[in-house]
Amino acid sequence: VIGHPKYQESKRIAIFLSMPDEIQTEEIIKDIFKQGKECFIPRYKPHSNHMDMLKLSSAEDISSLTLTSWNILQPSDDDSEREEALAGGGLDLIFMPGLGFDKKRNRLGRGKGYYDTYLERCMKHPSGKPYTIALAFREQICESVPVAENDVQVDEILYEHC
């Protein structure tokens, strides 16, 4: 990931805080700050498909986040101090999680449509749609995954030996 050309050229990067069953992102987050890039993480709104990407001030900032009922760390609902990526300069790159992926670059998420809805909002931003890279385990690559009309394909899927 760290040697990837899209990562190297990107200045504003959104990345998920990994759950135990996902590719671990902590080292990537540390590198984003080490390289002087800006880091944004998701804040999901419960009972909706709305997600914002809020700016982290440092890798250590993660320890100040709130644990949701889904066991995900994110900025609290009343945290209005953080920059939302689309309120500023948009994003260059989004690293995306998923449950399964196919070789046509389709992604099976957790069913709420957070990333698809967010990418629709990105397309309306002056900076346009960011490049999207899904981080996967080899075992998550399938022949095909179910696709709905509003699902947005990822630009690239990175997994071991891809």
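Cβ from N, Cα, C; glycine included.
According to TrEMBL, the features are:
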type	residues	note
BINDING	Leu17, Glu22	substrate binding site
BINDING	Arg107, Leu108, Gly109, Arg110, Gly111, Lys112, Gly113, Tyr114, Tyr115	ATP binding site
* Can you count the other CB atoms that lie within 10 A of the CB of Gly111 (ATP binding site)? -> 9
* Structure fact -> Taking only the CA atoms, the spacing between Glu22 (substrate binding site) and Gly109 (ATP binding site), expressed in whole angstrom, is 12
* Asked: Rounded to an integer, what is the Cα-Cα distance in Å between Tyr115 (ATP binding site) and Leu17 (substrate binding site)?
  -> 14
* Which of these binding-site residues is closest to Leu17 (substrate binding site) if you go by CA atoms: Arg107, Gly109, Gly111, Gly113? -> Gly109
* To do: Restricting to the same chain and to sequence separations of six or more, state which residues have a Cβ under 8 Å from that of Gly109 (ATP binding site).
  => Pro97, Gly98, Leu99, Tyr115, Asp116
* **Neighbourhood of Arg107 (ATP binding site), C-beta criterion under 8 angstroms, separation at least six** => Met96, Gly98, Gly100, Phe101, Tyr115, Ala134, Val145, Asp151, Gln153, Val154, Ile157
* Neighbourhood of the ATP site (Arg107, Leu108, Gly109, Arg110, Gly111, Lys112, Gly113, Tyr114, Tyr115): other residues with Cβ within 8 Å of the Cβ centroid, in order? -> Gly98, Asp116
* **Close in space, distant in sequence - Gly113 (ATP binding site), Cβ under 8 Å, 6 or more apart** => Asn49, Asn150
